[in-house]
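K.L.:
Okay, so TrEMBL annotates it like this:
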type: BINDING; residues: ARG151, ARG272; note: tRNA binding site
type: BINDING; residues: ARG193; note: substrate binding site
type: MOD_RES; residues: LYS164; note: N6-(pyridoxal phosphate)lysine
Amino acid sequence: MVLDLIRRIGIRGTQACLVMPMATGMTVMMTLLSLRESRPQAKYVLWPRIDQKSCLKAIVTAGYQVVVIENVLEGDELRTDVPALKEKVSTLSPENVAAILTTTSCFAPRGVDRLEEVAKICKEHDIPHIVNNAYGLQSTKCLHHIQQAGRVGRVDAFIQSTDKNFMVPVGGAVVAGFDAQFIEHIGKMYPGRASVSPVLDLFITLLSMGVQGYTSLMTQRSEHMDYLRTRLEEVANGFDLQLLLTKNNPISMGLTIPKGVGTELGSQLFLRGVSGVRVVTPNQIKTIAGVTLKGWGAHHPNYPHGYLTAAAALGMTKADVDTFMGRLEKCLKKISSKLRERGAEDDNGVESQ
């Protein structure tokens, strides 16, 4: 049932899939562990940077060393540094590279990785290629990139979250690929027993909506993405902000924020029940699983703006967009008023001196 759906919505070359009773990060870890038998001397995973903790933890927990490939800034958008990736493959030697772990869906301003180019590198050097497609099953753009990458190069597995793509409870993932034997091998690696709940939740949901119902939700999501972009542009114009241009990100958008208000804006939105927004301020440093990343949250060590992200995910309605935008505008008005008051106080202080 899931295999048929994946084929019908865009990745026609898929040969097998498996519903795992674990969330995306743990499924990435299991997939990487499945490579050990065929690549016993390999110890590195090349990872075009995405600031999401589970990816790093999955690589380290699987026993590999993370090699971070920093993204390149193209306008407002962050893209895969393919020359740097090629250089690392050459420096480390292909047989020492366990896999390249790329990403499709992610927080703006990062775009979809250049999957087709990476897939060609993997095919040329016989390196496994794992794709973190956590949110991507709901996006025709992400699906197209995976299908094309599998056609022109090498993709061993692509992994997607069941809760993010099918609106079921957290705790499951679907691992799929163009090689049925490798997907079967991942399943055989699973130790012990597991809960049937993730499989049952997905089964009932797909029976209820069917392929037609799911594709209808995909169309609605795309329409709501356009509507969200329009509303964010209006807010950007009204508050002298900038909507970041990230044409290669089909799910998430970024809006610049006034300097020095990131923490305050994030807390105000959270108090108003807005939990899906990510507020990023420059120059944060974070160490995860022994890997230190400068500019944490922005996918880049020196991203030039502070910003917030907003995403149009499957199941979102136009009313949800309107509610979010109303709360965002209230917060921005409150913060703008405070900034004007501070500016007036500073001016008065200078005059009194």
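In case you wondered, yes, glycine gets a Cβ from its N, Cα and C as well.
Note: TrEMBL annotation is automatic and uncurated.
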K.L.:
What's the CA-CA gap between ARG272 (tRNA binding site) and ARG193 (substrate binding site) in angstrom, rounded?
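P.N.:
ARG193 (substrate binding site) has its Cα 41 Å from the Cα of ARG272 (tRNA binding site).
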K.L.:
Do me a favour and check the Cα-Cα span between LYS164 (N6-(pyridoxal phosphate)lysine) and ARG151 (tRNA binding site); whole Å is fine.
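P.N.:
Distance (Cα to Cα, whole Å): 26 Å.
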K.L.:
Out of ARG151, LYS164, ARG193, ARG272, which of the recorded positions has the smallest number of neighbouring Cβ atoms within 10 Å?
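P.N.:
ARG193, out of the recorded positions ARG151, LYS164, ARG193, ARG272, has the fewest neighbouring Cβ atoms within 10 Å.
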K.L.:
Rounded to a whole angstrom, what is the C-alpha distance between the residue listed as 'substrate binding site' and ARG151 (tRNA binding site)?
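P.N.:
Per the Cα atoms, the residue listed as 'substrate binding site' and ARG151 (tRNA binding site) stand 35 Å apart.
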